[in-house]
């Protein structure tokens, strides 16, 4: 959520920045009218409350002097009724204004490339050598079937499309990657490991920005206040909702493994085969709470930690700075990390690393004090996938495939695979 004071003071500049996102600015124009109405109602209410206070004093004085106070009491009651009506109108206006503010996206940072499509995203760096096969690269979905490590057909029978059964070496590879990533982030990078709930309430989904705007993308548990988590970012960020932290606690870093659930609304017909776009998938997420002045330095750190996973797996990748139109609703700045997929001849997203500045913290009321008696300030929150596990499996299958249809296990994963070096059919 954007600071309402900042929105008033820098309205034109903020409107211009949001226009670069390609956003409909109707809500911005409604904000002006609603904010003026709110301030007008507050002013009227304060005047009437002052009149009521004066009337109360006058009535007390009349009674002390044993004079008739009926007329003054009637007048005070009328003022009281007017105050009550204005308070109710003010509550309605503030509720509408708050809902409107919840629907306005974050303000892009000045360093974000201005663009209108994904073609305007800027490649920052390419890392690693792409494999040079002397055979035609096989798509990972065909490799999975040939190696019998994933069962899509039975998952479709049991549940539906965009679900899989991992089996045998496939299940072990998925589990190995989760353990490898969590060990790396905890043991080397100093994160505290979190295993979060897989359901969260509406306040949590609102705090991190999924609600109210993107409710159709979420899986809601019918007749409850619960949603299945679309990412561990939601429960982990909301761990500190409505809390005031101390400065010496910051930065806080959590690494969380969770299953994630997404409806993939709007993705009909896209990536219908393979592991790229599933309704249920595993992911390791990094979440950081930091001081405002440190958040952009921390974004570089976080992105580097996500990259480290790919470097250790020796998977070629590129890092992009996402343009204004491709930032997502909550981010002030975002890097995407894309891994090379030989069968398609393209890079595919495997991680997003974002700085939300105080956008989520303001929604979730996550603050800190620099000193014991200092005024609380909003923290800055960041998160990044490190990594999406199913997509990492897909990348390993494609980049480590052999001419005979087998797949070599990356060396760093072999201790997690019981020493297995090759998956064979």
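Glycine is no exception: its Cβ is also placed from the backbone N, Cα and C atoms.
Model, not experiment: these values are computed from the prediction.
Over in Swiss-Prot, the protein carries these features:
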- 231, 232, 233, 285, 385: L-serine binding site (BINDING)
- 262, 263, 264, 349, 350, 351, 352: ATP binding site (BINDING)
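Where Swiss-Prot records a feature, it is marked here on the structure.
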residue	record	Cβ contacts under 8 Å, 6 or more apart
231	L-serine binding site	258, 260, 283, 285, 385
232	L-serine binding site	194, 196, 256, 257, 258, 260, 283, 284, 285, 287
262	ATP binding site	217, 218, 219, 230, 278, 279
263	ATP binding site	216, 217, 218, 219, 279
264	ATP binding site	162, 217, 277, 279
349	ATP binding site	336, 337, 338, 391
350	ATP binding site	310, 317, 337, 338, 339, 385, 387, 388, 391, 392, 395
352	ATP binding site	328, 334, 335, 336, 337, 384, 385
Are there any residues in the same chain, six or more apart in sequence, whose C-beta is under 8 angstroms from the C-beta of residue 233 (L-serine binding site), and if so which?
208, 285, 287, 383
I'd like the Cβ neighbour count for residue 351 (ATP binding site), meaning other Cβ atoms within 10 Å of its Cβ, all protein chains included.
28
In three-state DSSP terms, residue 233 (L-serine binding site) is classed as helix
Mind computing the max CA-CA distance among 262, 263, 264, 349, 350, 351, 352, which the record assigns to ATP binding, rounded to whole Å?
19
Rounded to a whole number, what is the top Cα to Cα distance in Å among the residues the record ties to L-serine, namely 231, 232, 233, 285, 385?
9
Quick one, of the binding-site residues 285, 385, which Cβ has the fewest other Cβ within 10 Å?
385
Near the L-serine site, what residues other than 231, 232, 233, 285, 385 in the same chain have a C-beta no further than 8 Å from the centroid of the listed C-beta atoms?
234, 236, 256, 258, 260, 283, 284, 286, 287, 383
